[in-house]
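Please read the structure below before turning to the comments.
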Number of protein chains: 2
Amino acid sequence: MAIHYPNGKVYTPKKEPLKIKKKDYSFSNRGKTLEDELNDANEYYLLNDLAVIYKKPIPIQVVRVEYPSRSSAMIKEAYYRTPSTTDFNGVYQGKYIDFEAKETENKTAFPLKNVHEHQVKHMRSVTKQNGVCFLLVRFSAFDRYFYLPFEQLELFWDRMLTGGRKSIALSEFEEHAIEITPKYAPRIDYLKIVDNLNV
Amino acid sequence: MAIHYPNGKVYTPKKEPLKIKKKDYSFSNRGKTLEDELNDANEYYLLNDLAVIYKKPIPIQVVRVEYPSRSSAMIKEAYYRTPSTTDFNGVYQGKYIDFEAKETENKTAFPLKNVHEHQVKHMRSVTKQNGVCFLLVRFSAFDRYFYLPFEQLELFWDRMLTGGRKSIALSEFEEHAIEITPKYAPRIDYLKIVDNLNV
């Protein structure tokens, strides 16, 4: 016997509803760039009095400026310059922190052409001054993050200079870098690694 | 009797020549801006493996970019943004160094309107993280330089906020800041003060 609703329509049991996998947004990167994620982490550190770390502005060579009104300056011609240092620096509990952040779509290795020679030189100088210096790499295809201490980066860099491979294999990151597991807040808690390394 | 040159012109002894004071260029600032002088000092520190300190690029908001050729980008519209931090930062023997540099033509005092509130906030955060933080002021009229530790700057800042004077008198610099005497290389050796303060 068919069951009827009060309005006369026949009741038909629904099929099992489509299982929509609820994405846990709190742990996802929501399509953010690595730079955005690190800015989020730095904002978290700053607001919680944990560290003062900023991304440096991109260096720009200004050639021509106009003044449409008395108070405002409009740059009409300018060019990007090659940065001579790394992306991020700041202070964490008296320690000087300095790092470069890079993401790659590559699934097997991080190409070293993403790092410039003057940046390696800069990181070497910082390390000499006892700064905490590292490369932070995101393998975007897997949403995996690695903290590679400069001392390790330098070994791979020198391997390239002496005719070896021009990239660092993902498996080498697994062996020589420290993986950062995304968590709630901040998502990319890279200073935790500094703590653990006790550098 | 008048003396004549071979060409018949009368010889007239010249007047005492104008005394041109020879400037000692090695110790002078040669009309350099304070920023130039500090960049010189930082270059000296870097080349001699003493410290790694850079001026941060000026933050610029890029609105429109054109590509006149495949490889070059030309910025056609951009605006200066207010910096949220200080001018210079870096590392010196493991210590995080962070400072703002200002010059004034004023002969009696340094007007505090040259420092922004967010910079004071930044310096407070850096001090909490045990960074070495200070204001470097040049009184250009006298070619005098002062290193004012943030803790001192904060006292003058708070005095202003509680209705007191809106500047720091030169005499107050003489009393509460450390004067930097220009020397040969680097001319403005501000890290010497960090050594002496043993911060």
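For all residues, glycine too, the Cβ spot is worked out from N, Cα and C.
Automatic prediction, not curation, is the source of TrEMBL annotations.
Here the structure is a predicted model, which means the values were calculated and not measured.
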Checklist entry - Besides A:Thr85, A:Asp87, A:Gln119, which of A:Glu100, A:Glu105 does TrEMBL list for that Mg(2+) site? => result A:Glu100
Checklist entry - Under a criterion of Cβ-Cβ distance under 8 Å and sequence separation of at least 6, what residues of the same chain contact A:Asp87 (Mg(2+) binding site)? => result A:Glu35, A:Lys55, A:Lys56, A:Phe99, A:Glu100, A:Ala101
Next on the checklist: On the three-state reduction of DSSP, what should I expect for A:Asp87 (Mg(2+) binding site)?
Outcome noted: coil
Item to check | Distant-in-sequence Cβ neighbours of A:Thr85 (Mg(2+) binding site), under 8 Å, six or more positions away | outcome: A:Lys56, A:Asp98, A:Gln119, A:His122
Next on the checklist: I'd like the Cβ neighbour count for A:Gln119 (Mg(2+) binding site), meaning other Cβ atoms within 10 Å of its Cβ, all protein chains included.
Outcome noted: 19
Next on the checklist: My list of recorded positions is A:Thr85, A:Asp87, A:Glu100, A:Lys102, A:Gln119; which of them have a Cβ under 8 Å from any chain B Cβ, in sequence order?
Outcome noted: A:Thr85
Item to check | Conformational class of A:Glu100 (Mg(2+) binding site) under the three-state DSSP mapping | outcome: strand
